[in-house]
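Before any comments, here is the structure.
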Ligand SMILES: Nc1ccn([C@@H]2O[C@H](COP(=O)(O)OP(=O)(O)OP(=O)(O)O)[C@@H](O)[C@H]2O)c(=O)n1
Ligand SMILES: C[C@](O)(CO)[C@H](O)COP(=O)(O)O
């Protein structure tokens with residue numbers, strides 16, 4: 001669908017979209033307990049919220065869940081207990097040792113016929129459907145890679161990391177905050193571009209769009225959303241449940 005320079009050469013209307021959800025992480029920063037994606041938010045596993053957030057978009061017709069290595073059966077029964085719209089199929093595959101490996105395993109399991117791929121953290125269970133749709137729309141519009149992002153509230157410093165744990169760090173620089181963005185998921189891709197990135201880019205990367213950047217292709221930014229935050233530390237669980245409570249109030253029940 002895209003040539004080597006990232007230019008689109010397919011009509012948008014024929015394109016089908018799948019979402020890959022890496023959910024195989026432990027959640028070390030969240031503390032002891034079940035793998036993070038399987039932990040409950042208001043009684044429903046975080047992963048189930050994330051799958052439903054993808055399925056809320058009418059454009060998404062397949063969700064590939066990348067489960068904790070020994071957790072595929074548990075994930076399947078969790079998903080069976082929470083019906084998805086009829087238009088949405090689900091596949092569950094076991095994950096790997098790193099997020100990058102888990103995403104690649106999800107991509108390997110994608111059947112033909114899906115030309116746009118979203119990659120969405122199970123750890124961002126509350127992303128609103130409008131954000132998902134903006135990402136898809138930008139890929140349909142011709143971008144090889146799209147990220148949702150929000151401006152930063154804090155000033156950011158680049159530091160020289162301490163050589164010994166606990167020692168003071170020193171500041172090297174203060175990047176201009178107005179040029180910085182905190183990047184969220186789902187990140188959206190032309191499938192061929194994402195597969196090529198995963199085949200050819202090695203070394204440490206913290207997101208999929210970063211791999212596309214290394215191919216020298218443009219990554220387009222669309223507005224993210226404050227509710228698309230990543231559940232990483234214990235306080236994030238409290239915040240996520242508060243967001244769900246606010247949504248229930250706004251929905252009138
Ligand atoms: N081997 C891994 C590691 C991470 N992930 C997924 O990647 C997403 C973002 O990762 P992160 O929030 O860092 O999750 P964890 O790796 O579980 O967290 P931690 O670093 O605290 O252990 C999560 O949905 C997580 O399940 C994955 O599928 N496979
Ligand atoms: C992909 C990501 O959510 C974009 O912000 C983030 O980089 C994942 O980082 P993590 O350390 O694997 O949580």
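Cβ atoms here come from the backbone N, Cα and C positions, even for glycine.
Automatic, uncurated: that is what TrEMBL annotation is.
What TrEMBL says about this protein:
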- 29: site 'Transition state stabilizer' (SITE)
- 36: site 'Transition state stabilizer' (SITE)
- 177: site 'Positions MEP for the nucleophilic attack' (SITE)
- 230: site 'Positions MEP for the nucleophilic attack' (SITE)
Rounded distance in angstrom between the Cα atoms of residue 36 (site 'Transition state stabilizer') and residue 29 (site 'Transition state stabilizer'): 9
Secondary-structure category, per DSSP, in which residue 230 (site 'Positions MEP for the nucleophilic attack') falls: coil
Length of the line joining the Cα atoms of residue 177 (site 'Positions MEP for the nucleophilic attack') and residue 29 (site 'Transition state stabilizer'), in Å: 26
Listed in sequence order, residues with CB under 8 A of residue 230 (site 'Positions MEP for the nucleophilic attack') and six or more positions away: 121, 123, 124, 184, 236
Entries of 29, 36, 177, 230 (recorded sites) sitting next to ligand 2, with Cβ under 6 Å as the cut-off: 230
Three-state secondary structure, which DSSP defines for residue 177 (site 'Positions MEP for the nucleophilic attack'): helix
